[in-house]
Structure formats: structure tokens, C-alpha cells
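Per Swiss-Prot, the features are:
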- His151: Zn(2+) 3 binding site (BINDING)
- 148-164: compositional bias 'Basic and acidic residues' (COMPBIAS)
- 52-161: domain 'sHSP' (DOMAIN)
- Met1: N-acetylmethionine (MOD_RES)
- Gln6: deamidated glutamine (MOD_RES)
- Ser45: phosphoserine (MOD_RES)
- Gln50: deamidated glutamine (MOD_RES)
- 1-63: region 'Required for complex formation with BFSP1 and BFSP2' (REGION)
Amino acid sequence: MDVTIQHPWFRRALGPFYPSRLFDQFFGEGLFEYDLLPFLSSTISPYYRQSLFRTVLDSGISEVRSDRDKFVIFLDVKHFSPEDLTVKVLDDFVEIHGKHNERQDDHGYISREFHRRYRLPTAVDQSALSCSLSADGMLTFSGPKIVDPSHSERTIPVSREEKPSSAPSS
């Protein structure tokens, strides 16, 4: 039985499942060895893999939900205070802007700024929109949808006919 042995260089952890954190919104929190040299960890230990779940959590989660009754946006803004955030509705868009000036942290000085824009569904009641910031830094923007009575759900009964269908058979 032949076993293929690969040089560690060919087992590098490069690609979309092992992105660098250098350019995400949390770049000021400090760096790990694999942020600077993502292939180094797999060269030293080919069985080491960065958790994909950890990568998703570190990316600044933004989630949009639009169901029948309401429209909701969840946005992770844990590095911003309510005074640093501006939420505006312009026509059919909601714009969320966050900016804080340079301040000192454990690694030096840092300033952050982001701008997100989401399209509002036409059925959202813009007079009843609300926005809140949780203690853990999750911004929730929501609005109820206007239910159109002409588009309400109703059940259509199925009747059984005694004669065969006149549709052509294939």
C-alpha cells in the first residue's frame, strides 16, 4: 500500500476558510501568530486548524431577517457607545454609521468607523421603526410590516370530481 507524504509547505492553511484578521473591524484587538503568517501554524503543526466558528464570530456579525410580520437587522457594534452611532432612514434605506475618535487601548491608539446601508422592504411601516443597543453591543433595528388584507392567507378547498380530467396526457 502506497502512502503519500506531503511536505508541510503544501499543507498551508491558506484560502477562504482561513482568512486573515488583519483587515476586519477588530484589527485593533491584537494579533495572533497565524494572523501574520497563516501558513506558519500548519508548517509547524499540520494538524492545527483555526476554528471556522471562531472566524465567523470575529468577523462582525450582521444579520437581516425579513419574515411575514416584521423586518429586523442585528449588527454587532460592541466597540461603539450609543453616542458613537447614528441610525437614519432615507427613502427605502436604513443607514447605520458608527465612529469613535482616536482613543487609547491595550495596544496603543485606535479609531474605528463603519457605514452600513440596508434596503427596507416596501411593506415595512416606517412610522413604527425602533432601534436598541443591548448591553453586549448588539444593535437591533426593527419594524413591523403592514399586512395587506388583499394578500391575506386563505385555504382553498379541494373538491373531487367524478369524471376524468380533460387535460391531455403525455
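Backbone N, Cα and C define each Cβ position, glycine as well.
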With a Cβ cut-off under 8 Å, give me the same-chain residues at least six positions beyond the ends of the compositional bias 'Basic and acidic residues' (148-164) that come close to it. 123
The domain 'sHSP' (52-161): mean pLDDT? 85
